[in-house]
Every structure is written in structure tokens, then in C-alpha cells.
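J.: Swiss-Prot lists Cys381 with the feature active site, nucleophile. Per Swiss-Prot, active site is recorded for His506, Glu508. The feature UTP binding site is assigned by Swiss-Prot to Ser13, Lys187, Thr188, Lys189, Pro190, Leu191, Gln192, Lys223, with sequence analysis given as support. Look at Swiss-Prot and you will find Ser13, Asp148, Ile149, Glu150, Lys187, Thr188, Lys189, Pro190, Leu191, Gln192, Lys223 tagged as CTP binding site. The feature ATP binding site is assigned by Swiss-Prot to Ser14, Val15, Gly16, Lys17, Gly18, Thr19, Asp71, with sequence analysis given as support. The L-glutamine binding site feature in Swiss-Prot is assigned to Tyr54, Gly354, Phe382, Gly383, Met384, Gln385, Glu405, Arg462. Look at Swiss-Prot and you will find Asp71, Glu141 tagged as Mg(2+) binding site. Under the heading domain 'Glutamine amidotransferase type-1', Swiss-Prot lists 291-529. The region 'Amidoligase domain' annotation in Swiss-Prot covers 1-266.
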Amino acid sequence: MTKYIIVTGGVLSSVGKGTIVASIGFLLKSSGYNVTAIKVDPYLNVDAGTMNPYMHGEVFVTDDGAETDLDLGHYERFIGINTTRYNNITAGRVYFEVIRKEREGKYLGQTVQIIPHVTDEIKGLVKKAVDDTNAEIAIIEIGGTVGDIEGLPFLEAVRQMKLEEEENLMFIHVALVEYLRVTGELKTKPLQHSVQELRRIGIQPDMIIARSILPLDEETKKKIALFTNVKPDYILSNYDVELTYEVPLILEKQNITKKIFNKLGLEPKEPKVAEWLEFVENMKNPSKEVKIALVGKYTKLKDSYLSIKEAIYHAAAKLRVKPTLVWVESSDLEKSEDEINKLKDVNGIIVLPGFGARGVEGKIQAIKFARENNIPFLGICFGMQLAIVEYARNVLGLKEANTTEVNPNTKYPIITLLDNQKKIVQVGGTMRLGAQKIILKEGTLAYSIYNSPHIYERHRHRYEVNPEYVDLLQKYGMIISGVSENGLVEIIELKNHKFFLGTQAHPEYKSRPLSPSPVFLNFLSVASA
């Protein structure tokens, strides 16, 4: 029988529910339980694929090609699981399924309503995600904040689940406790009100995790307990720490797993956290520093590239180095020649993924600077494509070379739309997505990085290297070190360079704290040498 932990949020969004879910998942899995985590997003988009990164942060791609919420990245990194499309449930997907079933006559003439049809669909999607993994414990994060109108059907669905699974389900409420510096007080009133709102809906939290600058003192816990009907022992602190990866450790210091085991009637087991603790210690005690420039078009919101940032941290911990990240807005490089000076003192340059024409020439300038100055370079997805454009312009002499994504009428279409994309009109969910096989060429940098004849990495793109130019690129010294099963260029590199690698894939999605991405590990190793 699967046990369920439902995590809700109060007071404001972005209070850290995703990190809490991931941390609890890690602790339970390291205790020996089979765990899965599910993110519920109440927005009407079917998935996150068409959202602007400034609005929603990065799109996290799963092995099966789902474009999902970035919280699934937290789940994968912390818990060490591979999620699927079933681990992200959106209101758009729920309503889409309900309307489809109504049109197909699946409801046999009933009046289709929020209760029971929408709530039943939500519960069915949760069950599907759980059944797919045979999870012993499923942690479900309800996105948004208690009181949001769009979240009400999801809260009603989990309220019904509690009725059906009385002994097998618990609620954890995560809410902000603000610290007033002027008076030196922790203010609990907003948290109290958010719990009151939950109780009006019919949900009584079993545990509260208070997000605050400082740990909660015992008096504050007793005050919260009095107004929320939650025992003081079940009120925990998620206070400010240096690293997100410390959150599981501070929760376990407060005996969170014992409390969960007790509430759900599970056999108590001790979580094994020694390796995780070593990882955290390595991050906090580096032996030297490495400065990495990240060149992209969404750098004002760092969460737009969250998995890349975390992949750097994973590799840095393994190497015992401190990464200083220099965020460079690619469009700024186009404004003045002086802007390129930002790259002079860095130890490595990563050109980040991103669609569209804005900032493209700035990215190309950064690539040229890395290539000509022998600075370790990594180009990811669009970053790889633009590395080829730069090479075509400045080495092959094809000055008007471009990608047809930017200039459909370019004289030299070095990057062009994938053949199977040319007749596609629909935007959402239609790219080349998910884990794809890459065949590596022996004797290359890519082969030495992975130490394998073939690998699987996740993808998210519509454009490819134009096969008509592959021979010419190789003639002028570019190495095609990885190709797909049907011959698409997947990885490129250059000889006589410290480290110059472009990959069509997104290796950051599979990086984990205890098993860093080989690409980032090797890049950072060279950059920090």
C-alpha cells in the first residue's frame, strides 16, 4: 500500500516547497524506501514547454521527452530518480483530458463538473504516476499558494484522498515566517492565516515547516501550535543556510524522518547521509577557485539555467573547487566592444541554450573569443549550433553563414530545421525531445569524457547541423565526435585547444550531486587546472 505525503504552501509562492519535497524524498530513499515525487501545477498550460523562462524558470526535460516544471529537476537531483511526464500534472492537462472524455462520451450523459469529474481525473493521474514506479512513498507538491482560485480543485482532490487513505496519507504545510529586523521578532500571523484557509477547505496539516531567516525558538513553535492545531514537535524550521543541499541535513537534525514514519505507520529506518554530507563539505571547503562565464539571453533570472548552474556545482564539489559564476547577457556583448572584456579574466566560457534571434551575435562573439584565446569552451544546444556558425564564418570564410532560425534566407544555411520538423505547425511538445542515443567516435575528446562507444543524453531542439556542410567543416579541422543513429551531428570539438566542445544535447539534466555530468566534470577540470 502506497503512503502519500502532500506538501502545500502558504503566505507566498517560491517559499521552497520543491526543495522540501526533494529533501524529504532524499531522506526517505536513503532510508531504503522506494520513493517518487509528483509536481502539481494549477496553471492551464498543458506543459511548461511554451513558457518564457523569465516567467517560469527553466524547462526541465525528462528521459521520455516531457517538458516539465523545474521542480522535477530538484526531485531528480536530490532523490536520484528519473521522472517521467506522469510526475508533472498541470490543470491544463487535467481539463484537456476531462473535455476529451466528455466529447468521446466516456461520462455517459452525465453533467460534467469539477466534483467529481475533475477531482477524479486528478486522483487518476496521481495513481498513474505512482503505479508506474511501484513507489512505497509518493510525495505530492501542490504548486502555488493556499487560497489561489486555480488550486482549489487540486486541494479538493487531495482532501478526498485523505478520506479514502486515512492511515496512509499526511499533509505537510510549508509557509513563510517573516522576521522583522526592527523589532527582532518572528511574525507567525500570515502562517496562521494560511493554515486557517487550509482548514476551511477541509485539510488539517499534520506537520508545518516554517521557512524563515532564523531557526524557530520553542515559544514561537508553541504559538504556531496553538493556532494551527499541530503539535509543537511537528513544527520544523527550514532556516537560511549557505547551500540548498544542506536542507535535508537540517531537516533530519529535527528528526523529520522519524516523525514521518510515526505518522504513516512505517518501519523506522536510519537515513544514510554520509556521502551527501561529504558532498556538502566539499562544496563548503574548496581548495581553489575557478571563474566561469555563462553567456545567455535570460541571465537576469538565474533559474532560467538552473540545471546548468547545479551541474557546475556538482562537478566543482567533486573537484574541490569553488565556482564563481560570471553571468553575461549576450545582447550586452553586441552593444560595445568593451563588453567582451568581461571574458578576459575567466577560466572557462559556457554558451547557454536559448531560442530566437536576440543576443545571437553576442554569443558568437563570446565563442570566437574562447576559440581564439584558447579558453575552455562548452556550447550547449543552441550554443553548439552557434559555435558551428562562428567557425563557418571565421575559419571557412563563409561570412554570411547563419542558422535559418535567425535568418531563413541566409546564403549559407549552416544550421537548418530538422527534416521531420518542416511540416509541423503546432508548437507545444513537438520538438526533438528526451533521451536520444549518441554514437561517439573513438580517439576524440567526447569519447574520453564518456569512456563509452555510445551514450544517452536528453534533447530539446528543432534545428540541426546542415548535412551538406559536414564534409566542409571536417575538411577545415572541426571534429564531429558524436552523431545520432540516423547521422545527425550531436557533438563537435576542435583539436589544439585546451577544451572546445559543443553538444546538441543537454547533459545538465542528468547531473546529480553524487554523480556529476562527465561533460561538466571534464570541462571544469580543465578550466581549473
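Just so you know, glycine gets a Cβ as well, placed from its N, Cα and C.
Model, not experiment: these values are computed from the prediction.
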J.: For Leu191 (UTP binding site), identify the closest of the recorded positions Gly16, Tyr54, His506, judging by Cα separation.
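T.: Closest by Cα: Gly16.
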J.: Which one is it, among the binding-site residues Ser13, Thr19, Thr188, Gln192, that lies nearest to Cys381 (active site, nucleophile) by Cα separation?
T.: Thr19
J.: Return the residues near Gln385 (L-glutamine binding site), defined as same-chain residues 6+ apart in sequence whose C-beta is under 8 angstroms from its C-beta, sorted by sequence, else 'none'.
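T.: In sequence order, the residues whose Cβ lies under 8 Å from that of Gln385 (L-glutamine binding site) (at least 6 apart) are Gly379, Thr403, Ile415, Tyr463, Val465, Gly502, Gln504.
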J.: Using a Cβ-Cβ cut-off under 8 angstroms and a sequence gap of six or more, which residues of the chain neighbour Met384 (L-glutamine binding site)?
T.: Ile491, Ile492, Gly502, Thr503, Gln504
J.: Could you state, as a whole number of Å, the largest distance between Cα atoms of any two of Ser14, Val15, Gly16, Lys17, Gly18, Thr19, Asp71, the listed ATP binders?
T.: 12
J.: Far apart in sequence but close in space: which same-chain residues, 6 or more away, have a Cβ under 8 Å from Gly383 (L-glutamine binding site)?
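T.: Correct list: Ile350, Val351, Leu352, Pro353, Lys363, Ile367, Gly502.
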J.: Between Gly18 (ATP binding site) and Tyr54 (L-glutamine binding site), how many Å separate their Cα atoms?
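T.: Pair distance, Cα basis, whole Å: 18 Å.
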J.: Can you give me the Cα-Cα distance between Ser14 (ATP binding site) and Glu141 (Mg(2+) binding site) in Å, rounded to a whole number?
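T.: Computed Cα spacing between Ser14 (ATP binding site) and Glu141 (Mg(2+) binding site) is 12 Å.
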J.: Measure from the Cα of Lys187 (UTP binding site) to the Cα of every one of the binding-site residues Gly16, Tyr54, Asp71, Arg462, then give the nearest.
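T.: That would be Gly16, the closest of Gly16, Tyr54, Asp71, Arg462 to Lys187 (UTP binding site).
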J.: Looking only at Cβ atoms, how many others are within 10 Å of the one on Lys223 (UTP binding site)?
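T.: For Lys223 (UTP binding site), the 10 Å Cβ neighbour count is 19.
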J.: Measuring Cα to Cα, how many angstrom lie between Gly354 (L-glutamine binding site) and Glu141 (Mg(2+) binding site)?
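T.: Cα to Cα, Gly354 (L-glutamine binding site) and Glu141 (Mg(2+) binding site) are separated by 28 Å.
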